Amino acid sequence: MKAIKLTGHERPLTQVKYNKEGDLLFSCSKDSSASVWYSLNGERLGTLDGHTGTIWSIDVDCFTKYCVTGSADYSIKLWDVSNGQCVATWKSPVPVKRVEFSPCGNYFLAILDNVMKNPGSINIYEIERDSATHELTKVSEEPIHKIITHEGLDAATVAGWSTKGKYIIAGHKDGKISKYDVSNNYEYVDSIDLHEKSISDMQFSPDLTYFITSSRDTNSFLVDVSTLQVLKKYETDCPLNTAVITPLKEFIILGGGQEAKDVTTTSANEGKFEARFYHKIFEEEIGRVQGHFGPLNTVAISPQGTSYASGGEDGFIRLHHFEKSYFDFKYDVEKAAEAKEHMQEAN
């Protein structure tokens, strides 16, 4: 599986994200600029310039009309994807660690860090659009709601929306997961103890009914949205920064590696700077993809399940298009089940 190396960022990557159609890849880094790339060949379409500090997070709406960024410069910006212009800016009292659009694209959440006496919160912003063109008509100048860190929880590090935007799920610095009911004024529903260390990433399944987490405690979990029940556990031998669920195939991809401060004294093999593929059902590692010479900070997979991208501490994005062997891979038990199904159909 040959990688396309995308060079454009000067500092470590913080997040990569595909649009819904999978033809564009969005990336942000600690160099204060975001980039948009063609996912087919890795050509850069343009940059989003305007932040003055690290951009921690980026997301694009379901129409590929607008994308949102959250930065350490105490601001959130909304961008027109077609021309790269900033169309709205929101000021924040603290750095913004994560942003994500709701499934309908009319709202987005932003995680505010718990620093400088700020308790930490998940702020919800509304974007009003033309129903026919999906063009922006009005934005809420202030958050329409603030989910303040619930008692007994540390501040949120990651968050996302479930199916139809019914719930918001958040991962926290103390390794816990919490759940909020959007239709009931974002009321706190429940929380569970999951990781031993801070949750570094959380990404949802294609149907938004379950999600995967990663943590520096070297573990990754698959969790059901409705019950917060742990479905699967994936154990590794290195700190994890990112995790994603693959469409089409029953796989998950994990990424991480040794702490960035120790990278200069460590070889790529010892640092474990690989994307690791696990079977989603059987919880077994099935392969690794090397290439980065630093920890993997972020991994994203195209909604069509035909390619994935990884962003590293080394400042590079590696774009991989899956080959036939990836789609053909099956466990013996999977082959036997398919053969049995074909026999039943024949009879």
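Going from the start of the chain as shown, residues are counted 1 onward.
Even glycines carry a Cβ here, placed using N, Cα and C.
Small disclaimer: the values here were computed from a predicted structure and weren't measured.
Residue with Swiss-Prot feature phosphoserine, selected from Ser205, Ser302: Ser302. Taking a C-beta cut-off of under 8 Å and a sequence gap of six or more, Ser302 (phosphoserine) has these contacts in its own chain: Tyr18, Gly22, Ser39, Tyr308. Proximity of distant same-chain residues to the repeat 'WD 1' (8-47), defined by a Cβ-Cβ separation under 8 Å and at least 6 residues beyond the stretch ends, is recorded for 53-60, 62-64, 67, 69, 71, 73, 79, 81, 84, 260, 294, 297-304, 306-307, 309-317, 319.
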